[in-house]
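Colleague: Let me begin by handing over the structure; questions about it come next.
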Amino acid sequence: MSASKSRQAAADLLIETLDNRRTLDEAMELSETYGALTGPDRGFARAMASAALRQLGRIDKGLAPFLNRPIETAVPPARALLRIGAAQSWILDTPAHAVVSETVNAAKHWARARSASGFLNAVLRKAVNDRTAFDAAPVTSVWPDWLTVELMTSLGVEGASALARLQMEEPDLDLTVRDEGFAEDLAKRIGAKRVGLGSLRVASGDVAGVEGYRAGDWWVQDAAAAIPAQLLGIEPGQTVFDLCAAPGGKTMQIAAMGAKTVAVDRSKTRLQRVEENLERTGLQDGVEIVAANAETWSPGEQADAVLLDAPCSAFGTLRRHPEGAWIKGPDDIARFPEVQLRLLKAAAGLVKPGGTIVYCVCTPLKREGADVVAAALKDTELERAPISAEEAGPFASALTGAGDLLTLPLGDFAHDAFFISRLRRKA
């Protein structure tokens, strides 16, 4: 396979994500060019696309001095190849001659880009020799300007900058172990370290190649994402509703605790993944799968506890899905708080008096977290059940004055940004 094919595939992935508004995972499934690659060629294509997405805003600022007009005015293939070329040179340290020659060769795949070969060649020759503007760009310029304003408003400069720095690096892989009694032994066997409230952390790589995957001994789940289920305080045999359950990490946690678990999600397709994960881990017998809208679902019984992982902007997971900053816009995220509030109010009617609700979103935006909870407390029979420092463990510094958690990556280890609030229905 020629080296230009990897560049072609990487550019194709960028077009699928940025122009067709797909996730990188979806793009990799859809791209025939990427799918035709194997081994190191495929790995390099993914690395180029990922690097470009992680620092897209900085790359565009770095390229600007070499362009006569905004990069967005270039045809999609040429625009993607410029970004892929810059990512190779400035982030992946690819030799300059390969960056220029192979990236320009990749343009031959697209009729609209062939005529731009001279333009690509001229710009990339300058870029490989001058990264001044790229290096000078603020760390938060990895995002579009509107998102930088949003995150700085919610987190301040320090918090937003910490998120941006994390996004620039490939994240490690966090695992939740099905049986905590075997966690230490498994950690030794796979060379993992313990982080958070018991998660195992290994270097990023082929998930299926890690010992215990096929046996269902663990599942992939960020250390911060593992917190909400642990705050439910449930006992074996109790009934727990997991609302908006897909892809199922929290469902498996609850089932592993011995609870009668009902996993609810409106997407039948996403619930198939939940079922697959439950079968792989051997936890399917204790879980009922329900395809329903949690806002209107009426189960005929109330639960001892409810976990609501509400749909959100997901800006706390940009280190894993950096394309999220670019395939969503202000109008897309403006609708979330209203949906989240409706779901939380619905959850209040699904839990027994005295029962617990844990509300969480994988975003640090205040309007999707603390503001939603404050609104729900005014209109429901819910009250706060503050999270204690002992329960939060290594996340104790993330506790807010109200007893919620906002897990910003400012401590000793990297993790996703989550807002988590524990509530109780008044008896």
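Cβ atoms are placed via backbone N, Cα and C, with glycine included.
The structure displayed is predicted, hence computed values, not measured ones.
Below are the features listed in TrEMBL for this protein:
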| type | residues | note |
| --- | --- | --- |
| DOMAIN | 149-426 | domain 'SAM-dependent MTase RsmB/NOP-type' |
| BINDING | Cys244, Ala245, Ala246, Pro247, Gly248, Gly249, Lys250, Asp265, Asp309 | S-adenosyl-L-methionine binding site |
| ACT_SITE | Cys362 | active site, nucleophile |
Colleague: Roughly how many angstrom lie between the C-alpha atoms of Asp309 (S-adenosyl-L-methionine binding site) and the residue listed as 'active site, nucleophile'?
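Modeller: With distance taken Cα to Cα, the residue listed as 'active site, nucleophile' is 8 Å from Asp309 (S-adenosyl-L-methionine binding site).
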Colleague: Could you say whether, by DSSP, Lys250 (S-adenosyl-L-methionine binding site) belongs to a helix, a strand or a coil region?
Modeller: helix
Colleague: Setting Cys244, Ala245, Ala246, Pro247, Gly248, Gly249, Lys250, Asp265, Asp309 aside, what same-chain residues sit with their Cβ within 8 Å of the center of the Cβ atoms that define the S-adenosyl-L-methionine site, listed in sequence order?
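Modeller: Output for this site, in sequence order: Asp242, Thr251, Ala263, Arg270, Val274.
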Colleague: So, in DSSP terms, is Asp309 (S-adenosyl-L-methionine binding site) helix, strand, or coil?
Modeller: strand
Colleague: To the nearest Å, how far is the Cα of Gly248 (S-adenosyl-L-methionine binding site) from the Cα of Cys362 (active site, nucleophile)?
Modeller: 15
Colleague: On average, what pLDDT score does this prediction assign to the domain 'SAM-dependent MTase RsmB/NOP-type' (149-426)?
Modeller: 95
Colleague: What count of other C-beta atoms do you get within 10 angstroms of the C-beta of Asp309 (S-adenosyl-L-methionine binding site), across all chains shown?
Modeller: 25
Colleague: At the level of the C-alpha atoms, what whole-angstrom distance separates Cys362 (active site, nucleophile) and Lys250 (S-adenosyl-L-methionine binding site)?
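Modeller: Rounded to a whole number, the Cα-Cα distance is 13 Å.
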Colleague: Neighbour count first, Cβ atoms within 10 Å, every protein chain included; then name which of Cys244, Ala246, Cys362 tops the list of recorded positions.
Modeller: Cys362
